[in-house]
Amino acid sequence: MPELPEVETVRQGLAQWVTGRRIAEVEVRHPRAIRRHPAGAAHFADVLVGTTVRDVRRRGKYLWLPLDSGDAVIGHLGMSGQLLLQPGAAPDEAHLRVRFRFADDGPELRFVDQRTFGGLSVSAGGAEMPTEIAHIARDPLDPEFSEAAFVAALRRRRTEVKRALLDQTLLSGVGNIYADEALWRARLHGARPADGLTGPAALRLLGHVRDVLGEAIKEGGTSFDALYVNVNGESGYFDRALNVYGRADQPCRRCGTPVRREAFMNRSSYSCPRCQPRPRRALQASG
């Protein structure tokens, strides 16, 4: 699933190409793509046609497009969603779900989603902050993110530190890939109890999270397959710089010990057994 760097890369591309443009036509080609908009496809299109996109913003892994009507389009890419800018004459993608045409007859915006786990909806009056995503915490790169509040909240969590990093109510945008990478840099095993971290250790971990996210954004995110691309259909390149994620049995880039893969929440965690020894006290339940 796309994490903060991938979604931010898409946001930057959308901001460049759709800000200030007036929506002339909306075509919903698959109802599942707007399942979070209970009023249905006709209403979805009606409230958007004639509005102008003011900006493109992000909260964690969610995007939203504030409109001059005061409403907002909310988007989540899910596992395979893509927001692509295409010439109107370009052939339709096999999994095209929603199409936006603009009054200037320039490139159209297409929501393409093979697995249909992503989706779009309209938030009434949600231009400044859609209520549907207001509960999601700020991300570590947000200028208004509070380091002190994060450190205090993290150290109160009676759960494993990796589970805490994935909790979108604590901080948003961090998923499996970047949690593993930040923990490797911090020399912490993901099973380390969060409430056992010192304040300085928690702050150092946050610094590594920020560094990893920032570096990934510069590389356009991480692409392991053709499902994640930017608005121009281009893949990201941060996978070349990953230190542990997806590198099971390969040598740790720091000490040479083979990277270990462990089952984690129906996914996998990657760590170095030497640099990140598993703690003696490991919590199994989240809290």
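From the backbone N, Cα and C atoms, a Cβ is placed for every residue, glycine too.
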Given Swiss-Prot lists R115, R157 for DNA, the same-site residue among H95, H135: H95
Secondary structure content, the zinc finger (243-277) (per DSSP, counts of residues): 0 helix, 12 strand, 23 coil
Site of maximum Cβ density within 10 Å, from recorded positions H95, R115, R267: H95
Neighbours of K61 (active site, proton donor) among the recorded positions H95, R115, R157, R267 (Cα to Cα, within 10 Å): none
